[in-house]
Amino acid sequence: MSASPSPSITGLLLAGGRATRMDGADKGLQLLDGTPLALHVLRRLSPQVDETLISANRNADRYAELGAPFDARIVADETADFPGPLAGLLAGMRAARAPLVACAPCDTPYLPADLIARLHAALDAQQADIAMAVTVDAQHARSPQPTFALLRTSLADDLAAALAAGERKVRAWYARHKTVEVEFRDERAFYNANSWHELAALARR
């Protein structure tokens, strides 16, 4: 999609976490095949949305540089204690110019090219508040992927209240709203790097 004065979907790259399992390193800036993970994701996410935001609580200048080719804006959490992806999601919902926000984490370089289209179709068909990706493996086991989702920005005030009340679990907050699950059979598309070992594994895939 191309940017427009009244976009319909805002893409949100979630890059604001602590990365405790990577010794605090900024995950989105780690290299895969010589390219920062965040840039891999931006190249796949941005063509699917009308505007792009990057949720980043540190290294904002570096993320702004990576996001420049996509006219991406940087947003930071409203709180300084790294309360998790819900805080990044809230910052994105507040900053979005569109009525819908599509989020994806910064360490998933193979996300599907049809991710947003499929989430949007399900959201509309079910008149849901949230559409969330779920992977299904060869044994039909389902694995929810809550940070791959499409949400209505009208939920921002409720999310702010939930965060203020201490909620930190993404799926627990989703459960308060009408959420539709969208199945994806390509597990590889959702592989991520939560640790140095997983980053090395990504490079071998």
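A Cβ is built for glycine as well, from the same backbone N, Cα and C atoms used for every other residue.
According to Swiss-Prot, the feature GTP binding site maps to L14, A15, G16, K27, D77, D107. The annotation Mg(2+) binding site is assigned in Swiss-Prot to D107 on the grounds of sequence analysis.
All features noted in Swiss-Prot, drawn onto the structure.
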| residue | record | DSSP (3 states) |
| --- | --- | --- |
| L14 | GTP binding site | strand |
| K27 | GTP binding site | helix |
| D77 | GTP binding site | coil |
| D107 | GTP binding site | coil |
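The maximum pairwise C-alpha distance among L14, A15, G16, K27, D77, D107, the residues recorded as binding GTP, is 19 Å. Remark: of the binding-site residues D77, D107, the most isolated position is D77 (fewest other Cβ atoms within 10 Å of its Cβ). A C-beta separation below 8 Å, combined with a sequence spacing of at least six in one chain, links A15 (GTP binding site) to D26, K27, G28, A38, I54, S55, A56, Y63, G88, P105, C106. Around L14 (GTP binding site), the C-beta neighbours below 8 angstroms that are at least 6 residues distant in the chain are S55, P85, G88, L89, C103, A104, P105, C106, T147. Counting Cβ atoms from all protein chains shown, K27 (GTP binding site) has 24 others lying within 10 Å of its own Cβ.
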